[in-house]
Amino acid sequence: MTTTAPARPPSAPGGGTGTGRRTAVPVRFWSGRVSFRLHRRTALVSAAALLLCAALLLASLCVGAYPVPLPAVADALFYGTGDRLAVHFVNQERLPQALLAILVGAALGVSGAIFQSISRNALASPDVIGFNSGAATGAILVLVTVGSAASTVAAGAIAGGLLTALVVSALASRGGLHGIRLVLIGLGVTAMLGSVNSYLLTRSDLNDAQNAHVWLVGTLAGRGWSSVNTMALALLVLLPLALLLGRRLRMLELGDELASGLGLEVNRARLALTVLGIGLCGVAVASAGPIPFVALAAPQVAVMVSRSPGVSVAASAAMGAVLLSAAHLASGQFFAALAALDAQIGWIDVVSESRRNNLLPVGVTTGVLGGVYLAWVLFRRRGTGSA
Amino acid sequence: MTPATGTPAATGTPGPARPPGPGTAAATAPVRTALRGGGLLVLAGVLLLLVVLSTWIGAKDTGIGQVWSALWTDDGSYTTDVVRELRLPRTLVGLMTGAALGVAGAVMQAVTRNPLADPGLLGVNAGASVAVVFGIGVIQLTGFLSLVWLSFAGAAVTTVLVYLLGASGRAGPTPVRLALAGAAVSASLSGVIAGLTVFDSATYEYLRFWMVGSLAGRDAGLAAQLLPFTLAGLLLALLLARPLNALALGDDLGRALGTRTARTRLAAVVTVTVLCGAATAAAGPIGFVGLVIPLVARWLTGPDLRWVLPYSMLLAPALVLLADVIGRVAVPGDELEVGAVTAVIGAPVFIAMVCRRKEASL
């Protein structure tokens, strides 16, 4: 994304919405040694989002090309009994993929919140420092030279993404890790890698290129328990760190001067958060490919729904999980619907070709939904003059 | 990223040229004009040299004398065919797409007051790509020229959609709304493209080559059809230089100077659509040129569009032709697409320029 957009306006501290009621309450543990402020509505929204996630998870266990009714799902989950096909689908495909959708969505949501806060730009994402294009280069290289095993592709993506992010930050680091220079250098490096990527895609075998294409769109198809385990482990480390650093995120949103006035070591905080954001985005991309738009939308939806004064790491994570779970469910449903349509009128010949892999890549759904969402926001705010 | 607040100082967009000191005005203005004009002449010379190189160099070894005679007399030899049927049309298409992209980028950056705006931001690339995917995958179109027209139509329809969405606000098409509308429409169209191609190998096979951006195989017929659009677009852009200069001062000041803001923006959007749409339809979405060349042109000339536009018009085709020539000779036995080369040779220069300039002057 190369556009600039207005930074989210810094709002009044304390989360006061002018209603007179306290919207944020302090929470203390261990006689005040650990304390944080809990924005009431944000907590409510996060809890509601988690419930919604659970509902979406259940739904995605039931529906699909091979529908399994809820009681049979319970049997398959807890006792492993019933229809053998149902047991396989529920335990080995739908459950890990639905869990992965939640985990990846949460990681993307938090990384989006981090990058939007430290760049103070609502349209910023890890793309700004070329992470995704580097990850794509790494993944394509691995796909066309080594093979399409998920773990090797993930390793290639992580290596490529990290290397690119490192080079861009190093080139831009004169005068602090921010500002127009970082964006311009990221732009140049992204353009270069884009050329390299399309060169690699055109010079490789069509099969490899098609595999790479599906990976580049972002998909959960074919992911199993090993991906879930890796992702869960990574989040177990990274998410608490992000929650701990959440308060610095809010201070950075106020601008460098105000933040350092509040006693924050701005450059150090920004560096730590950048590393964390890259890590979160990295594990997400490694397990599901560069899924578009969740990182951009989740923090903003969270802020809009919870009317909180700034980004909240927890709410962004919950919202990211909801968004990706919903997109995942819609992807599965879309294909079932298309198959039904195809059976009736023999429309486009896409369904038969994709039998091997009967899940529309979730990146397609998030891209379309994301664009429509952005257009809707734009249309809804048409009265305000600015964006 | 700096928020696009609309003040030229904050966004680094073309503002008025810095007023020279009172006593020096008379002395320096002609000197500066002469310098800029001289630079323009040098660039024209470089471009001419690249045109010569582009008709001379290629897989078939030809002497420069043979090329010269082939241009004027058709002796029916193989060399004449290569020069007349392949290299000359290809060079012309390269010249036109390059100039179109460079100028479209400069106009786009001026009208959005955003130095990071890309001519594809209005949805041209996404619209053209969707049309190509639709033409190949759904209605099974085969002719190259019909695909060119279809993608031109797709680009135009998408831009209209983006413009309507961006202009739906009470304040009309503000720069930020235009940019966001373009991003929104492009994002959903990219999703549609991905949905149509992930399981359709035949369409993807075409798309992956089209997406790179290439001049190979573009013939005289295409060059002739491209010409009126490019000329009209370039002319329109040059006519817009003054009003856009005024708009760079901000909407209010621009209006006070007698510019009709809404009409100027609409004209600018039409210009970008015609130029970028025709170029993308003919050669595929060549990235980087339209984004970076206007930035470099502005660094060379200062913010006055009456200079930025001609500089972009010469610099951009020079980069495209250079990339095309390098692509022909870089890897023996293989021809690199122009789109795969432009960024690789252009980006290091651009990054070096970014690193050397002071933060404030970016």
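Glycine is treated like the rest: Cβ placed from N, Cα and C.
Here is what TrEMBL records for this protein:
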- A:1-23: region 'Disordered' (REGION)
- A:43-66: transmembrane segment (TRANSMEM)
- A:98-116: transmembrane segment (TRANSMEM)
- A:128-147: transmembrane segment (TRANSMEM)
- A:153-172: transmembrane segment (TRANSMEM)
- A:179-201: transmembrane segment (TRANSMEM)
- A:225-245: transmembrane segment (TRANSMEM)
- A:271-293: transmembrane segment (TRANSMEM)
- A:313-338: transmembrane segment (TRANSMEM)
- A:359-379: transmembrane segment (TRANSMEM)
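For the transmembrane segment (A:153-172), the neighbouring stretch richest in Cβ pairs under 8 Å, chosen from A:128-147, A:179-201, A:271-293, A:313-338, A:359-379, is A:128-147. The stretch in closest packing with the transmembrane segment (A:225-245), judged by the count of Cβ pairs under 8 Å and taken from A:98-116, A:128-147, A:313-338, is A:98-116.
For the transmembrane segment (A:359-379), the partner stretch with the most Cβ pairs below 8 Å, chosen from A:43-66, A:98-116, A:128-147, A:271-293, is A:271-293.
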